[in-house]
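Residues annotated as region 'Disordered' in TrEMBL: 58-96. For 106-124, 184-208, 214-245, 257-283, 289-309, 321-341, 413-431, 443-463, 483-508, the entry in TrEMBL reads transmembrane segment. Positions annotated as domain 'SLC41A/MgtE integral membrane' by TrEMBL: 143-277, 357-500.
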Amino acid sequence: MSSKLEQKEAHQTNGVVLPIVAVPVDCLASPDQQQLMEPSEFLEPDREGVEVVVLDSQANAKGVREEDALLENGSQSNESDDTSTDQGPEPASPLKETSFSIGLQVLFPFLLAGFGTVAAGMVLDIVQHWDVFKNVTEVFILVPALLGLKGNLEMTLASRLSTAANIGHIDAPKELWRMIMGNMALIQVQATVVGFLASIAAVIFGWIPDGHFSIGHAILLCASSVATAFIASLVLGMVMIGVIIGSRKIGINPDNVATPIAASLGDLITLALLSGISWGLYIELEDKAYVNPLVCAFFIALLPLWIIIAKRNPVTREVLYSGWEPVIIAMAISSVGGLILDKTVSDPNFAGIAVFTPVINGVGGNLVAVQASRISTYLHMNGIPGESSEMAPHKCPTPCSTFFSSDVNSRSARVLFLLVVPGHLVFLYTISSMQGGHTTLTLIFVVFYMTAALLQVLILLYIANWMVHWMWGRGLDPDNFSIPYLTALGDLLGTGLLALSFHVLWLIGDRDTDVGD
């Protein structure tokens, strides 16, 4: 093994032109002549049967970049048992970042994502008075599950493409096109199927309390959910691809910007589409009842086409078979948070909680998605899922190792945690200036709100550090499995802690948080 390592190091010297020796075939029959010859040996003039071929080197910077990409591809090949051990313990250059550079790259997408959640909350505050939301109340049950689904699918897509960009898998145009087609087809399959399941869950949750069931409303929910999921996946998927390719070209780590932008656009676009589509289909429900079943059948009939395209790509083919569990379980976890929200919105003591819930949930989910994507990329650069690596801890990480160690992932965790308070202060001021929920912000309310937000992000970042490494050690790709669980937990923790904060405020008599009108 040591001789193979020395041979590979000799050929991988960057910026140095090494000769290649061509030995006659009959010489290879002898085992003692299968050694790699030194340059001093084959340059001697008295050696016969030896040809010297010198290859011209390309530009140094480009050669190093292409060589790194090839080495990474080689480390993931099952045909070579040696290349995986050749990876050094140092991460590749995209992760050699200072705290300032991480914060600078994350700040703008983080603020954009936060304003997106604020806008989503304001949209929900408006559309809740529409006839379709009043007469088909199951649409409210559909909202958290569908928003959580879109966030999971788009941020998982962003994480997969960010990892592929950082390890050089999309540098070649052919590989880039294959990755785009496979991933777009995959999220169409996931969005259509899980959107259909979400509509069934909404019908069941709406039927259980009063026992009333309407077939027209059920088909309306199905058509609205599937159409919203499909269109939002198409739009957001193209946006994510453009963001990742653009950030790669200008030298920004895609892990820092892709997931927050996906989240910022995901909630707003999905909620706007759901409101508009359900309103349009509700209008046609009385006179043209056949429109809703046709819409639902059309999008479901496209499933075989997307499945065929997704199966052609090895990466998306694996997710197509094994990636259902996290998004479905995440939808169930988000639904629990939706039930908490449903109980608190109707209580006058929790007035205004609906405006703040999308913000606290969105911010927590965005930050933990960035951290999970970064850790996953870090691990991908040093091996493949399931193999033992010096970079992957062999025991449960402690809070100190998660937040106070010297490695790059701990540094990013500190940066992301420090963004919580200033970010939420900006978002709270924006909501207050727009009179969202007619809620007056007091000092004690801000203190309780910040406590809930900090505790939510603290727990999520620690769970992300443990979960990503745990999945990696069991051969699961964290890009596909960790983010749905983490964002769903963010919804549950955010809604629960915020509801608890409102309850405590009500107990201590902070009546300024109630509805003013």
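Each residue's number is its place along the chain shown, starting with 1.
Including glycine, each Cβ sits where the backbone N, Cα and C put it.
Unlike curated records, TrEMBL annotations are generated automatically.
Remark: the transmembrane segment (321-341) makes no contact with the transmembrane segment (214-245), by the rule of 3 or more CB pairs under 8 A. Secondary structure of the domain 'SLC41A/MgtE integral membrane' (143-277) per DSSP, as helix, strand and coil residue counts: 121 helix, 0 strand, 14 coil. By the Cβ criterion (distance under 8 Å, sequence gap of 6 or more), the transmembrane segment (106-124) is counted as touching the transmembrane segment (413-431), at least 3 such pairs being found. Stretch with the most C-beta contacts under 8 angstroms to the transmembrane segment (289-309), considering only 184-208, 214-245, 257-283, 483-508: 214-245. Residues of the same chain lying 6 or more positions beyond the ends of the transmembrane segment (214-245) and with a Cβ under 8 Å from any Cβ of it are 136, 138-139, 142, 146, 149-150, 153-154, 157-158, 161-162, 165, 170, 176, 180, 183-184, 187-188, 190-192, 194-196, 198-200, 202-203, 254, 257-258, 261-262, 265-266, 269-270, 273-274, 277-278, 281-282, 285, 289, 292-293, 295-296, 299-300, 302. Away from its own ends, the transmembrane segment (483-508) comes close to residues 144, 148, 151-152, 155-156, 159, 259, 326-327, 329-331, 333-334, 336-338, 340-341, 344, 349-350, 353, 356-357, 360-361, 364-365, 368-369, 372-373, 444-445, 448-449, 451-453, 455-456, 459-460, 463-464, 467 of its chain (Cβ-Cβ under 8 Å, at least six residues beyond either end).
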